[in-house]
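Positions annotated as domain 'Obg' by Swiss-Prot: 1-158. Swiss-Prot lists 159-339 with the feature domain 'OBG-type G'. What Swiss-Prot records for 165-172, 190-194, 212-215, 280-283, 320-322 is GTP binding site, and it gives sequence analysis as the kind of evidence. The feature Mg(2+) binding site is assigned by Swiss-Prot to S172, T192.
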Amino acid sequence: MFIDSVKITLASGDGGKGAVSFRREKHVPLGGPDGGDGGNGGDIIFVCDNNTHTLVNFKGKRELRAQNGAGGMGRNKNGKKGENLELIVPEGTQVIDAQTNEILLDLTEEGQRELFLKGGKGGLGNTHFKHATNQRPDYAQPGIKGESRLVRLELKLIADVGLVGFPNVGKSTLISVVSNAKPEIANYEFTTLTPKLGLVDVNEYNSFVMADIPGIIEGASGGKGLGLAFLKHIERTSFLLFVLDPMRQMPLKEQFIVLRKELEKFSNELFGRKFGIMISKSDSVRLGEEFAEQIALNINELDNYLKEINNPQSFLIKVSSLEKTGLKELKFMLLEEIKTLRNNKKNFNNLGSVLY
């Protein structure tokens, strides 16, 4: 089951209370204080793990708490620290304050560990309060309460390439033939109800991650269809591949315009992201000469529109996932784009290090 949003209360452990205790030995009727300190409460720690792909482990849980610290004991024995609670989450998980919507943590890298809530400090035992005017203190500190916070965990998939298109345009078929992903494929809209990630091996040394996002429809940015729930997953893809279907009644140019508008309404940053265009189902030209001519005009109209708007797209390619034509070229084109983006990011990070 794919779960990408949960609301939950997280609480670190309370500190254990300090002990009130006195030495009890033969021939020492009024032994001094020997109360130990309480143990600190356990912490809440988030751990990012790329073997985890969903937030399903948090489904149905209203609260998770770290262990409380144990109380102090006599003979100056300190209480045991409460066990930390480590929460394993997938890459791309954000921890958001449920009241203010403030992003508290952003977990994006394998192995990333973040202390979220610190456990309460254990109280001091009565040994600490002995002084010249009070040799037998009969009080100790209570432990400090742990922290508690109501949060929302949101998963935004991280991928190199995100597939953007209307329902049933061939996105799932494409990712099934170029990667290790096995999405459900059928001839009806909204076959893909959850995002899918696939690893695309281009050659022995190069690969990238592709995300199949459920189909976008007009009005998605306002919540129509599967709407906002899945548009957010495109946010963390480095490169967008628009998948357009020549078999739809809507012309290719109009498909592209509508999809771009939905992205623009959702996020200006996403709208400005670099992208390519893939015309799917190129084998449909076999349906007849007249149909093939219509598709050619359709593609030409799209191409002219892109030139009119000085479009920054990197490439336009025709592909048939069923006949496996154009797939090799597509993979290499995408790889070149990803390499360029990775190098640009690396150079930017290096520049930042030098400036710092």
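Every residue gets a Cβ built from N, Cα and C, even glycine.
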Count of other CB atoms lying within 10 Å of the CB belonging to G165 (GTP binding site): 24
Average model confidence [pLDDT] within the domain 'OBG-type G' (159-339): 79
Least surrounded among the binding-site residues, given as K171, K281, when other CB atoms within 10 Å are counted: K281
Number of other Cβ atoms within 10 Å of the Cβ of P214 (GTP binding site) across all protein chains: 24
Neighbour tally for N168 (GTP binding site), based on other Cβ positions within 10 Å of its Cβ: 20
Those binding-site residues, out of P214, K281, S320, that come within 10 angstroms of S172 (Mg(2+) binding site) at the Cα: P214
Reduced DSSP assignment, S320 (GTP binding site): strand
